[in-house]
């Protein structure tokens, strides 16, 4: 019974699922969320559970665990790049506390997003998009790490002061820069600018996130290329070649009792299987002393982190110190906010389509972006060293499992919050040998770049105009940022703060690429079909008026009052919002 949700889509199984749903709803007021479905006729797609369906609680737990295991790989990857840039020691137990903080905030914001935000079953959490501006900020002369000899001679208290001061700088920059997304989303400012966010803006912004970080993948993988190669080879075999291979599993079904089912293990858990197998390989090579003492691939290199980590620790705002704010940090981190905004805009319609839900209306997009900004503010204040963004991995998990219920993601958020306060669980992920992480980076960063390039499906690739924009917006940022990194003191305006701001902005490839792509696409003449605007518009529902009846994107509570009040039709994040009504009111006053 544990895995029946994933196994087959036969009519008999689907009927049983629907019976379980109804059993789970018995006794609930008004039959739960399922009764509010006037859009049922609009729903298309082969899904076992739709966005408003409520599976039985016992199935929710295991389906939520799938989402948790899907996102944990992306969460764990971030500290392996962030912590060395903060000048943290590899054996510092606070590394696990940073992971726990990230997971805790991820759970909190995921629940808010799925319940009151865009109402789509998406997971919000730490994102690699923020690492690019983070590394640019920490590359400034003020925040560069001291020489290794100096760090090694420091006491633990002095070493802690070094990295916490940098974390406070990142925390303030993240929290303040995210206010743009928070207010821009809730007040509809970003929504009104969506016509300028074209596929040729998305391509360089998202693709450059992965392309810029290839140095970190190479650095981690090169510590032991055999282990790294084994990692991405296994991951490729499991996810791409054995996705349809199923293994026999004993399960319990109420109608027949114990039975043997065929479970798609390699399709659902390729990353987890790869990590476990390669970790065991490293353990064997460690026990047989093939890897000498101190080798990065040894499994006993960081065992002290688990021993030093507390069993229970509740993350709290300002846990590393009071966040500090600088102009250079805020403007630099704004690049990460803009990249996440563009990326999430592209995820919303994709997720809705996978869940067999109607296209997200403008008010849901506004509310989703505003809630994501709120999540990034909280992530900054909590000291995660990162922001929040929609996890593409979990969007892909919906397509694989055919489970698009928001209730499942709400349960997953609960699991994340629980794991975030159990310190030793977070410490387990820190001790993964670095070459294994490098192998995962080779695949993960490539997939992020590929997702950005996938937006090219909307544009005409036979157009020389489009090819010019794509090529220049991808290549020029790499050239400029690499040159800026090699000539850190080249900007000298006489104003130190302005020098720092320009240094960070011009060193952040995703910002440069996004601005260049957006500027050229809106400047160089081209037809709507050539630019892919008509196909892209079909993925959105920007002109939709506020709903007059129950709708997928309604709030879970209080809708009777919201529909009763006329003023809510003017508020951009309300479910009854009517696009353009506020500006039309001013136009009538002007004409009169």
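Glycine is treated like the rest: Cβ placed from N, Cα and C.
Straight from TrEMBL, the features:
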TRANSMEM  65-86  transmembrane segment
TRANSMEM  98-116  transmembrane segment
TRANSMEM  122-140  transmembrane segment
TRANSMEM  170-190  transmembrane segment
TRANSMEM  226-245  transmembrane segment
TRANSMEM  265-288  transmembrane segment
TRANSMEM  411-432  transmembrane segment
TRANSMEM  438-459  transmembrane segment
TRANSMEM  466-485  transmembrane segment
TRANSMEM  500-520  transmembrane segment
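Proximity of distant same-chain residues to the transmembrane segment (122-140), defined by a Cβ-Cβ separation under 8 Å and at least 6 residues beyond the stretch ends, is recorded for 67, 70-71, 74-75, 77-78, 81-82, 85-86, 102-103, 105-106, 109-110, 113-114, 166, 169-170, 173-174, 208-210, 212-213, 328-329, 332-336, 339-340, 343, 347-348, 351, 371-372, 375, 379, 384-391, 394-395, 409, 412-413, 444-445, 448, 481, 485, 488, 500, 503-504, 507-511. Comparing 98-116, 411-432, 438-459, 500-520 for CB pairs under 8 angstroms to the transmembrane segment (226-245), the maximum falls on 438-459. Within its own chain, the transmembrane segment (438-459) has Cβ neighbours under 8 Å at 73-74, 77, 128, 199-200, 202-211, 213-214, 216-223, 227-232, 235-236, 271, 274-275, 278, 346, 392, 466, 470, 530-532, 535-536, counting only residues six or more beyond its boundaries.
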